[in-house]
Ligand SMILES: *[C@@H]1O[C@H](CO)[C@@H](O)[C@H](O)[C@H]1NC(C)=O
Ligand SMILES: *[C@@H]1O[C@H](CO)[C@@H](O)[C@H](O)[C@H]1NC(C)=O
Ligand SMILES: *[C@@H]1O[C@H](CO)[C@@H](O)[C@H](O)[C@H]1NC(C)=O
Ligand SMILES: *[C@@H]1O[C@H](CO)[C@@H](O)[C@H](O)[C@H]1NC(C)=O
Ligand SMILES: *[C@@H]1O[C@H](CO)[C@@H](O)[C@H](O)[C@H]1NC(C)=O
Ligand SMILES: *[C@@H]1O[C@H](CO)[C@@H](O)[C@H](O)[C@H]1NC(C)=O
């Protein structure tokens, strides 16, 4: 519950715009009160009883109750998994009231795995597991989106493995084996099959390979192998772990981690918060700091941290950080080129930086020594000008001085988040980089709240269970040569956890290609016969992609795996194109039906394009709304 003092502040704050004039609570007290607010903030966004998300299905974690500007009233596999990981840690730390939420999550994920969606289906190839988001009630989301995203299955596996290990310690091994392992096994199969394929990053903007994704994929395969061994079951995909670890090392560019290897042209310099959020997601306090898993206390992670933070110590980019000296925390955003909502600091990244530093201190503390090398020296010198290269063991004064300074530095990032948190403790997604520095974008963001709770756990010296093997065949060792690789996964609905017993659809893939001049914010869909095209229901029409659109060739396209299970042989499929105008204006649907001859379908998961259309939109163009 909020303290009396914060309640008093909350009532004062009925007058808008004066929050920065009100003296803030001392950090210690603030963390205590905000932690409780944040935990409740998470629970309020989980169906079916979350007070802020009426209509959300059981165990569905909604990203934010915000339905307009922006509409985040969906569940993202990534946000949900990271949130549950924190809730499971909180549960393991003694909050037994959280178990029903965890059980509901297990059930909801078993079902979501089977929902066919624009990324594909569970059967036969697992492709549907890469879908980033679903509606609040767990149905498919058909909007044009950055898909697939390949971090979600790994993060979900990590959360479920953590809970499984708890259940096993309570004698529930059989239950884990029959109910939860099948969900995890699908996600690990997906990871082993697709880790070396391109996908969208955690910000859903660029396609390629992403540090955060690769790092978490590695963790899931290692933990998955250990759980499989305990359960005495095979793990398809886990054998890919050494190659994933090899690829992870390649993001290091000599000074920092290049956050993404992007397919196609882009304006990114490679500095991105995903390289801070990755290490905290796989933090293991007892792992050696030189572990190639790239823990927060790894010298490269520390070097990268400084490069990342210094990027935002630029008052032209971030006026909010003007006048803050080196060695003090600043407000942090996703990456310097960000334009979403004009590119502002995020609570979860500013808090994530604090968590990163608490984690690093914990790593040195558990290991009993701290190493400074050429890469990490600038990080240490910023806090302690006398720092020098060397290995400092527990009996060396520098060992204590540096840990103290880094912990104090971490606190200054929390203080920044505190400064820009409204008195009612609600955490939005972002806060303005320029005056008046008020919250912006989605209100009450679940991930922001979860990030506060995990930061507070670490600051309190409460760490997640260890996962990095110290010896044996799974001990992280980087292969001398990296190889492109993949292994075919095995997939099955997790029926014992409540998933429907779906079967592989019989699919014919058609490439729809359309010329249609559109304006920014307008989207184009195909509506038509059969389940994939939504049976003429515009709400579930199939989205086309604008990825190859140019002024010379206004091309919209998609390779559509038409589910032809109901038909047989060559079939005529009827369809029309439909423009979805922006600002909630009416759809513009073509008047006449088109047809395409579709050859016999296949159940082998092949996505080979069998037919290609060459169409041009017939009918009026769209008009931009003025919203
Ligand atoms: C966020 O939470 C606050 C406090 O409970 C509430 O007043 C506000 O309406 C919420 N906003 C959204 C979009 O849910
Ligand atoms: C689920 O949510 C979607 C989008 O909000 C809505 O169109 C659909 O009708 C809902 N389905 C059910 C079964 O409630
Ligand atoms: C696949 O792995 C190889 C070897 O590590 C790497 O060079 C390549 O960039 C990877 N591609 C993707 C898309 O992950
Ligand atoms: C699911 O369906 C398959 C065949 O389609 C069947 O072999 C299997 O027994 C079913 N599983 C359950 C749990 O009903
Ligand atoms: C889209 O552009 C890429 C890159 O130029 C090209 O390889 C691909 O074939 C194009 N896709 C279609 C459907 O034309
Ligand atoms: C679409 O545009 C391309 C490139 O200008 C052209 O070759 C093609 O014939 C057009 N298709 C139709 C149906 O007009």
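A Cβ is built for glycine as well, from the same backbone N, Cα and C atoms used for every other residue.
The following features are taken from TrEMBL:
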SIGNAL    1-20  signal peptide
BINDING   145  substrate binding site
ACT_SITE  201  active site, proton acceptor
ACT_SITE  204  active site, proton donor
DOMAIN    502-616  domain 'CBM20'
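For the active-site residues shown (201, 204), fewest C-beta neighbours within 10 angstroms: 204. When pLDDT is averaged over the domain 'CBM20' (502-616), the result is 93. For the pair residue 201 (active site, proton acceptor) and residue 145 (substrate binding site), the Cα-Cα distance reads 12 Å. Across the domain 'CBM20' (502-616), DSSP helix (H, G, I), strand (E, B) and coil residues number 3 helix, 52 strand, 60 coil. The Cβ of the residue listed as 'substrate binding site' has 17 other Cβ atoms within 10 Å, all protein chains considered. DSSP assigns residue 201 (active site, proton acceptor) to coil in the three-state reduction, placing it in neither a helix nor a strand. Here the Cα atom of residue 145 (substrate binding site) is found 8 Å from that of the residue listed as 'active site, proton donor'.
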